[in-house]
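Q: Per Swiss-Prot, the feature ATP binding site maps to 27, 28, 29, 30, 69, 73, 182, 185; the stated evidence is sequence analysis. The UMP binding site annotation in Swiss-Prot covers 68, 88, 149, 150, 151, 152, 153, 154, 155, 156 and is backed by sequence analysis.
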């Protein structure tokens with residue numbers, strides 16, 4: 001049942017709390033990587049890389065899925081007349097560009113990073129092999145999953161849910177440019193409330209604009225929690241991993 005303004009974490013300061021999770025899947029929206037424009041905003045990518053590096057140094061295993069919305073959005077291109085399958089593949093290539101950019105910034109932070117793609121691109125990334133991804137994580141490396149599922153009609157939100165389940169992550173950390181899940185769009189409804197806890201079923205039934213229903217159904221069916229939080233607040237990834245009271249926790 002949804003709970004406006006209730007605690008779901010310890011609330012201690014970052015650095016004082018032992019991480020609540022040992023392996024997480026971080027889902028990043030591609031639009032944020034562009035800073036609201038087409039292309040990459042190096043300042044945003046650096047902010048994200050620095051936050052991930054902080055978490056990895058604390059001993060948490062981090063895998064990442066990135067969208068490609070700062071380059072292409074298949075559904076929107078389809079609305080303008082482009083064939084959906086082709087436009088989806090273009091979007092997958094955009095996610096690989098974002099993945100390589102994040103890899104570069106993470107390695108500048110001293111974090112060993114591997115990119116695995118669902119479409120074979122041997123010169124720039126490894127193929128997606130779940131057991132190899134787990135081995136990388138166990139060695140303290142960040143693994144970034146690019147090219148979505150490698151299939152049209154599947155979003156990167158669904159990719160994040162599937163990859164999280166396959167690598168044995170304990171939670172999907174869904175990073176947004178808003179503080180969490182609201183009862184309505186806060187930009188349109190001044191009475192919209194931030195929900196600190198809600199179930200997967202409620203999100204789906206109420207049509208709350210968080211992620212696509214396929215991703216939430218997959219997480220609901222397999223008991224995978226999702227934490228929706230604001231990525232653009234510095235230190236929020238570490239707070240999320242520590243179980244602090246931020247964002248919205250979605251559980252079964």
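Start at 1 and count along the chain as shown; that gives each residue its number.
Placed from the backbone N, Cα and C atoms, the Cβ positions cover glycine too.
Are these features on the surface or tucked inside, and what are their neighbours?
A: In the three-state DSSP scheme, residue 27 (ATP binding site) is classed as strand. Taking the Cβ of residue 27 (ATP binding site) as reference, residues of its chain lying under 8 Å away and at least six apart in sequence are, in sequence order, 64, 65, 66, 67, 156, 157, 160, 172, 173, 174, 175, 211.
In the three-state DSSP reading, residue 151 (UMP binding site) counts as coil.
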Q: Which one of the binding-site residues (28, 149, 151) has its C-beta surrounded by the most other C-beta atoms within 10 angstroms?
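A: Counting every other Cβ within 10 Å of each candidate, the maximum falls on 28.
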Q: Out of 29, 30, 68, 69, which has the highest number of nearby Cβ atoms, where nearby means within 10 Å of its Cβ, if these are the binding-site residues?
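A: Answer by Cβ density within 10 Å: 68.
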Q: On the Cα atoms of 68, 88, 149, 150, 151, 152, 153, 154, 155, 156, which are listed as binding UMP, what is the maximum pairwise distance in Å?
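A: Result: 14 Å between the two most distant Cα atoms.
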